[in-house]
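Pulled from Swiss-Prot:
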- K223: active site, N6-AMP-lysine intermediate (ACT_SITE)
- E221, R228, R243, E273, F312, R385, K391: ATP binding site (BINDING)
Amino acid sequence: MALFRELVEAAEAAGRVSGRKEKVRILSEFLGRLSPEEASIAARFLAGHVFPEYDNRELGVGYSLVREALKVLDQKPLFLVEPQPPAITEVYRLLERIAGVSGEGSREKKLKLLEGLFSRLSRKEVEYLLRILFGEVRIGASTGLLLEAISRLSGVPYGDVLHAYMVLSDVGDVAFKALESPAALGKVDVSLFHPVKPMLADMAYNVDELFQEHGSPLHLEYKYDGLRVQIHMGRGKVRVFSRRLSDITEYVPDVVERAVEGLHVEEAVVDGEAVAVIGGAPVPFQELLRRVRRKNEREDFLKSLPFELHLFDVIYLNGKSLVREPYSTRSRLLREIVVSEEILAKKTVAYTRQEALEFYESAVRSGNEGVMSKRHSSVYKPGIRGSDWLKLKSFDTIDCVIIAAEWGHGRRSGWLSDYHLGVYDEESGRFLSVGKTFKGLSDAEFEEMTKRLLQLKVREEGYVVYVKPEIVVEVDYSEIQRSKRYPSGFALRFARIRRIRFDKSPYEVTTLRELRERYLRSIRAKRWSPQ
């Protein structure tokens with residue numbers, strides 16, 4: 001039975017070497033010594049997760065509770081026999097128990113469980129455990145490194161391992177299958193009622209760029225400002241999943257109704273956007289959510305919203321995965337299973353620059369964000385952002401995660417209101433700062449954000465509160481600049497929060513690679529114009 005101590009030693013060993021191949025070797029050899037269950041848990045821990053990414057359980061362990069539990073380290077009797085160090089599986093089971101504690105007296109129960117766990121760990125092991133709990137940094141490797149390690153130990157090609165991860169949505173599940181049945185890992189595919197990560201789009205800055213990348217003709221769709229939904233239908237059931245893979249079926253009855261009425265099919269998994277419509281016009285969904293402050297209130301609010309459904313892809317049909325089929329085939333099959341094309345995203349084929357511009361302008365006039373262009377030959381790549389899909393928006397933003405916040409002054413005194421913004425570095429598995437801003441939110445949002453951020457507090461230094469990277473915000477900016485001040489090497493000029501993205505996970509934010517690409521493009525074209 002592998003000890004948690006061994007995981008920490010492997011993480012430290014991987015952290016000490018600089019070469020990617022050597023990191024992969026260390027992680028591969030460590031995971032290869034474990035049972036499938038142990039490897040599953042260890043892979044998640046090394047990636048900075050306790051539970052699978054699609055698992056909505058929360059530990060509910062805050063900074064103050066941890067600080068109190070840490071006192072047990074200073075109270076260990078020196079004359080007693082050292083307690084048995086916990087196995088990796090024991091640590092996981094204890095964290096499961098902590099997540100399951102609720103109701104009256106839950107804080108005291110969680111405290112006792114944490115104290116019991118901390119008392120069996122060394123200070124170094126506690127440090128690593130806290131980094132897992134707070135998601136402060138990935139403790140051993142980025143997900144990419146772990147997938148390479150899994151490929152090495154299983155002998156399964158990296159492309160197949162990556163595909164399995166995108167379908168299973170959990171590096172732990174991939175590690176389990178790699179050790180239990182490597183041959184089966186290469187056959188993992190989309191299945192009914194198991195949500196997969198949605199395919200994502202790169203940003204384009206003008207119509208000419210769409211033609212340069214995708215050629216003529218362009219296959220364009222409206223880009224809606226709604227709720228990304230993945231709908232699974234079959235066996236007499238309908239399930240709706242969010243982009244974070246949460247089951248939101250009960251909160252969107254309109255979406256379920258429109259799917260049942262609009263699709264004529266035995267089994268299917270379709271991808272689309274649910275758009276809130278008030279007074280016959282689309283309303284920016286995230287703007288509506290800004291009015292609702294608490295999570296349970298947001299869920300009730302969702303139920304009350306009238307939604308229209310706009311489908312744009314089908315990735316599973318009557319027992320067969322379609323993710324390896326070209327977009328042209330998937331688009332045709334989607335048209336064949338809808339009762340009426342009203343349920344489809346509005347599309348066109350543009351042969352000329354003028355036709356593309358007119359479609360873009362009609363999308364914006366209709367209250368939408370812009371347009372999407374999709375390469376006709378592209379396969380569906382779950383969880384992958386790339387140039388096969390390009391989005392052209394009427395405004396330019398990036399998604400950042402809040403990694404720290406500062407106490408405000410003057411009118412904002414008493415609120416955490418100056419937010420440190422981070423992008424994701426895929427190489428290191430860390431979130432790196434690109435600047436900070438206090439602009440864009442209302443007083444009510446400052447108040448609610450202060451409560452949420454304090455619940456996510458990891459530590460406090462002076463007037464800066466460092467938090468678990470959990471809250472995603474969409475950020476406007478005027479320019480990306482080179483900067484030695486921030487670890488990312490870049491800074492956002494005149495950053496302003498456009499909206500809070502409750503629907504996005506921290507690992508969906510803009511990556512450092514994407515930010516670097518935007519910076520290089522901005523050198524060529526300082527001011528963006530759709531024309």
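Note: Cβ is positioned from N, Cα and C throughout, glycine not excepted.
Sequence features annotated in Swiss-Prot and their locations in the structure.
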| residue | record | Cβ contacts under 8 Å, 6 or more apart |
| --- | --- | --- |
| E221 | ATP binding site | F312, A345, K346, K347, V371, M372, K374 |
| K223 | active site, N6-AMP-lysine intermediate | A363, N368, E369, G370, V371, M372, K391, L392, K393 |
| R228 | ATP binding site | P198, S242, R243, D271, G272, E273, D503 |
| R385 | ATP binding site | L200, A201, D202, T511, E514 |
Using a 10 Å radius on the Cβ of E273 (ATP binding site), the other Cβ atoms enclosed count 22
Per DSSP, three-state class assigned to K223 (active site, N6-AMP-lysine intermediate): strand
Would you work out the biggest C-alpha to C-alpha distance among E221, R228, R243, E273, F312, R385, K391, the residues that bind ATP according to the record, and give it in angstrom as a whole number? 19
Taking the Cβ of R243 (ATP binding site) as centre, how many other Cβ atoms lie within 10 Å? 19
Looking only at F312, K391, the binding-site residues on record, which one has the least crowded Cβ, with the fewest other Cβ atoms within 10 Å? K391
